[in-house]
Each structure stands twice: as structure tokens, then as C-alpha cells.
Amino acid sequence: MARVYMETLIQKCVTFSQIKQLQSHFLTAGHFQSSFLRSRLLDRCAISPFGDLSFAVKIFRHIPKPLTNDWNAIIRGFAASSQPSLAFSWYRSMLQQPSSSSLCKVDALTCSFTLKACARALSSSATVQLHTQINRRGLSADALLCTTLLDAYSKNGDLISAWKMFDEMSVRDVASWNALIAGLVSGNRANEALELYKRMEIEGIRRNEVTVVAALGACSHLGAIKEGEKICGFIKDANLDRNVIVSNATIDMYTKCGFVDKAVKVFDQITGEKSVVTWNTMIMGFAVHGEANRALQMFEKLKDYSVKPDDVSYLAALTACRHAGLVEYGRSIFNSMACNGLEPNMKHYGCVVDLLGRAGKLREAHDIICSISMFPDPILWQSLLGASEIHKNVEMAEIASKKLIEMGVNNDGDFVLLSNIYAAQGRWKDVGRVRDAMETKQVKKIPGLSYIEAKGTIHKFYNSDKSHEQWRNIYEKIDEIRFKIREDGYVAQTGLVLHDIGEEEKENALWYHSEKLAVAYGLMMIDDAKEESPVRVIKNLRICRDCHVVFKHISKVYNREIIVRDRVRFHRFKDGSCSCRDYW
């Protein structure tokens with residue numbers, strides 16, 4: 001009875017002072033000798049929101065011979081802390097303890113807590129070491145532990161090991177499937193994630209809210225609206241639409257697939273209390289679609305609903321200002337963060353620098369970068385370089401370029417921007433110097449990649465891609481488009497190509513960008529199906545200026561709406577103009 005009573009007291013502790021009082025009572029009353037009660041107290045102190053992990057460690061240090069449960073409590077505490085890597089250090093210390101006592105040995109819970117730390121710390125090497133220990137200790141038959149191991153591999157990006165674990169599991173529960181699907185999505189293998197989701201359905205595995213959230217994430221990544229709507233149908237049938245996390249994922253999917261109004265409908269239909277994540281998702285959805293007024297109105301509405309904006313709320317609002325060129329509003333929002341107890345992070349600074357730079361306030365943008373107490377992210381200098389190219393400011397471009405070189409950043413896009421600025425000033429020797437630097441520095445080129453969904457299948461295109469089964473027809477369509485839009489006044493932006501080749505070859509290089517191939521294929525499919533729907537393309541990088549010009553012409557000549565989601569925002573081309581109003 002005494003043990004039950006003391007365990008109840010532990011559970012009733014809701015402040016740190018109560019935990020300390022109970023610990024003192026344990027010492028005086030001799031309850032500290034009970035390993036069960038002691039580990040429960042350690043747990044409460046180490047992982048509860050009102051506990052104190054450092055105090056739990058002090059308690060642990062006073063235990064003459066800590067047992068397995070004592071070690072597990074501390075490891076679990078560090079696994080959930082802001083320093084998850086320390087959990088693995090404690091695990092190693094536990095391994096070094098004398099193995100004579102059967103009451104102090106690594107068990108399945110020890111490994112499980114440590115694996116969760118590995119997942120949070122993104123430590124693939126520690127995960128591999130844990131896997132070896134699990135096999136050595138005969139714990140590989142534990143289904144729950146194997147799922148935790150699979151999750152750790154997935155979160156560390158080791159999808160080969162994750163797949164191997166999954167295939168070798170004799171018993172797979174829904175958590176195993178969920179872990180691999182989520183890992184594939186975060187590892188940029190969204191197509192495989194959707195295939196695995198479909199396999200779950202075929203094999204009759206019960207899908208839960210975690211499953212559909214991960215699968216919707218895959219649809220968001222690919223812009224796969226048809227697959228997304230199938231999942232939404234299942235969500236409704238399974239009564240999962242009452243779950244706010246599922247609703248948030250649904251809103252995100254619709255906005256990232258280009259259907260803002262459908263996202264708004266889901267937002268409005270949420271009957272329970274909307275979380276700050278719900279509001280943030282909708283605000284950001286408006287922002288990336290260039291609907292700044294709707295985004296900022298919703299940001300202001302947060303106050304009416306007593307929802308406290310967090311750092312993501314401010315990032316979404318700043319993104320809206322950035323895409324609409326609302327400098328004063330953006331400044332006001334940025335400055336108000338401190339009043340609400342929030343410290344701007346690198347993403348907030350990135351928005352402000354881009355906002356100021358595009359508005360021509362290059363010196364102010366430069367001064368903000370230099371004022372940041374933390375080490376500036378290269379993307380800030382890249383934003384300044386991009387703005388310098390827009391406003392043809394050689395001085396600022398050279399400053400930004402020099403900083404990027406000092407930071408060891410060798411992206412081809414940065415060199416192209418600097419070269420364009422020199423070319424605009426007629427400084428051809430400097431253009432040549434940039435070209436030479438690109439060769440000697442072995443500049444990295446991130447491959448362009450675009451997706452389009454057609455007839456329920458996701459098609460992927462790279463620059464100058466000839467791997468698609470219909471590539472010859474696609475290239476013929478490209479030739480047709482070139483001919484038609486030239487008559488509409490199209491002139492190729494050959495200055496974007498730095499290679500020392502002729503003008504015709506430069507134009508050819510531009511015409512086989514991944515997004516142009518995807519749009520050409522989309523036009524082919526729509527012509528075959530005689531549909532009136534827009535062509536929707538997802539691109540991994542920023543859309544280039546030439547593609548932007550081409551799509552404006554296509555939308556006019558072919559009388560077809562084209563929607564492109566690039567790395568930063570949506571571009572909706574219609575009747576020869578773009579929703580971004582060429583402010584991007």
C-alpha cells in the first residue's frame with residue numbers, strides 16, 4: 001500500500017518544488033531504496049515539463065549502484081532534451097558498467113530511448129552502433145524496438161538501411177509503415193512514399209492520422225493533387241477530418257498544389273479550436289500565392305481569436321510582404337517581434353533582406369546582414385546579390401560575391417548573377433574573369449528538376465532530359481512552342497547562359513530547362529484529353545527569367561493557364577501576364 005501511495009504522490013507532482021520536497025521525503029523515509037519508486041521519481045524529474053534534468057542527474061549521482069531503470073530515466077530525459085546527443089554519451093557510460101549484476105544491463109527500453117535521441121540528433125553513426133548492440137544483445141525480435149530503429153534510420157536519411165529494416169521485419173505494425181513513409185518524404189523520395197501508402201491500402205493495413213499526414217506531405221512535395229484528393233476522401237470516410245493535425249496537413253497540401261480556395265474551405269470547416277499551426281499554414285499559403293492582403297488580414301485576425309503568433313506566424317507575414325514589396329509593413333512586422341518576446345532567426349532576416357533588396361534599398365539590406373549577431377547564412381548574401389543584379393548595382397554585387405567566396409559557396413547561379421551585372425555595364429573582361437573563376441573553382445550546379453501530374457501519374461523532368469518515354473514528342477512540342485511564341489514577340493534571354501558558345505546554342509540550352517519540358521508535356525496531355533484545366537508544374541529551384549517570359553507567351557498564344565510552383569512561390573500565368581507582376 002505504501003508503494004502505491006508514494007507512486008500516486010509522484011504522479012501528483014506538478015511543480016519542481018513539489019518534486020524536490022518529495023525527494024527529501026524519500027531520503028528521510030527510506031523510500032530511496034525502492035528501485036521502482038526511485039526510477040519513477042527520476043522519470044518525473046527528467047522528462048516532465050516542470051522537472052529539471054540537471055537535478056535528476058544530481059539525484060542519479062547519489063545512487064550507490066544505479067540500476068537499469070535509473071539509467072533509462074536519465075537517458076530518456078536527455079533524449080527529449082535540447083541536447084539529445086548526450087543521451088548517447090550516457091548510454092556509452094552504461095555499457096562501461098560492470099556486467100556482473102543482472103539488475104544493471106541494457107534492455108529494449110534503453111536502446112529505444114537512445115535511438116530516439118539518435119533520431120533527434122541526426123546521428124547516423126550512433127544509430128548504426130545501436131543496431132549492432134541490439135543484434136548482439138538478442139533484442140532484434142522486439143517489434144517495437146525494430147520500429148524505433150527504422151524510424152531513426154529514416155530520420156537520419158539512411159533510407160537504404162530503413163528499407164532493409166522494413167523488408168526484414170517479420171511483423172510490421174502501422175508505426176513501421178508510417179516511419180518509412182515519413183522518412184521517404186523527408187528524404188525527397190515522395191513518389192516512393194506514395195507507392196508505399198498505396199501498398200498499405202492494398203495489403204489492408206489500417207491507416208491512421210499519422211499515415212495520412214505523411215502521405216499528404218508527399219502530395220504537397222510533388223504537387224500531386226489527384227492523389228491528395230483520394231487521400232482526403234479516405235480521411236473523410238475514416239472520420240479523421242476532425243483531427244486538427246490532419247486538417248493542417250490537408251490545408252498545406254491544397255495550398256502547395258495550387259488550390260488556395262479549397263484550403264480555405266478546409267480551414268473554415270474546422271469545428272474545433274484552430275491551433276497556431278493551422279493559422280500559420282493558411283497565412284503562408286496565401287503568402288506564397290502572392291495574396292498578401294489575405295495573408296496579412298489573417299495575421300491580424302490572430303489577435304481576435306486569442307491565438308499568440310509564434311516565429312512561424314511572423315515568417316509567413318514577412319513572406320507575404322516580401323512577395324508584394326510591402327516594405328513599410330514588413331519593417332513594422334519585423335520590429336514588432338521583439339515586443340512579443342520573439343527573437344528573429346535567419347529565415348526572418350532572409351525575408352527582410354530580400355524585401356529591402358528588391359525594393360532597391362540595398363545599403364539598408366547590407367547593413368542588416370552586417371548587424372546580425374549570429375554568423376550570417378549564405379542565403380542572405382545571395383539575396384543581396386540577386387537584388388544587386390535587379391538594380392544593376394555593381395558595388396553591392398561585388399561585396400556580396402566576395403562574402404560568398406569567403407564562405408566557400410560555389411553555386412553557379414551566384415556567378416551567373418555577377419556576370420549579368422558586368423555584362424549590363426559592358427565590362428566584358430570581368431565577364432570573362434567570372435567564367436574563368438567558374439572553371440577553376442569547379443562551381444557546383446544544382447540540377448533543375450520539375451514534376452507534373454498527368455493522368456494520375458507523376459512525371460519527373462531534368463534539364464535536357466531524354467529519359468521520358470515520350471521525349472521525342474516532347475521535343476517536337478518544344479519546337480512548335482518556339483515557333484509560335486516567336487511570332488508573338490518572344491526574344492530569348494541568352495545572357496543567362498555563361499558558356500562560351502554561339503547565340504543559337506545558348507538559346508537551345510535555355511529551351512530544354514526542366515520546367516519547359518514539363519509544360520510542353522502538360523500541353524500535350526491536355527490537348528489529347530481536350531481538357532480546360534491549367535498546366536501545373538512543381539520546380540525544385542527558382543524559375544529562371546527566360547522560362548518566366550516563355551510561360552507568359554504560352555499562356556497567351558495557347559490560351560492556357562500555367563501554374564508553376566518554384567522554390568519560393570507560385571507563379572500563375574494567364575493571358576500573357578503572371579500573378580507575381582514580374583516582382584520575384
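Each residue, glycine too, has its Cβ placed from N, Cα and C.
Annotated domain 'DYW' per TrEMBL: 489-584, in sequence order. In terms of DSSP helix, strand and coil, the domain 'DYW' (489-584) has 41 helix, 16 strand, 39 coil.
Residues or ranges marked as repeat 'PPR' by TrEMBL: 142-172 (among others). Remote same-chain residues near the repeat 'PPR' (142-172) are listed as 108, 111-112, 115-116, 118-120, 122-124, 127-128, 130-131, 134, 179-180, 182-184, 186-187, 189, 205 (criterion: CB distance under 8 Å, separation of at least six residues from the stretch ends).
Annotation source TrEMBL lists repeat 'PPR' at 173-207 (among others). For the repeat 'PPR' (173-207), same-chain residues at least 6 beyond its ends with a Cβ under 8 Å from one of its own Cβ atoms are 143-144, 146-147, 150-151, 153-155, 157, 159, 162-163, 166, 214-215, 217-219, 221-222, 224, 227, 231, 234, 238, 458, 460.
Sequence annotations record features per position, and here TrEMBL assigns repeat 'PPR' to 275-309 (among others). Among residues of the same chain six or more beyond the repeat 'PPR' (275-309), those with a C-beta under 8 A of the stretch's C-beta atoms are 244-245, 247-248, 251-252, 254-256, 258, 260, 263-264, 267, 315-317, 319-321, 323-324, 326, 329, 333, 340, 565, 568-570, 572, 579-580.
Remark: secondary structure over the repeat 'PPR' (310-344) totals 27 helix, 0 strand, 8 coil, with classes taken from DSSP. Taken from TrEMBL, the feature repeat 'PPR' covers 310-344 (among others).
Within its own chain, the repeat 'PPR' (310-344) is flanked in space by residues 276-277, 279-280, 283-284, 286-288, 290-292, 295-296, 299, 302, 351-352, 354-356, 358-359, 361, 569, 580, 583-584, which lie at least six positions past its ends and keep a Cβ under 8 Å from the stretch. Mean per-residue pLDDT, taken over the repeat 'PPR' (173-207), amounts to 95. Residues of the repeat 'PPR' (275-309) grouped by DSSP class, helix first, strand second and coil last, total 26 helix, 0 strand, 9 coil. Helix, strand and coil content of the repeat 'PPR' (173-207), in residues and according to DSSP, is 26 helix, 0 strand, 9 coil.
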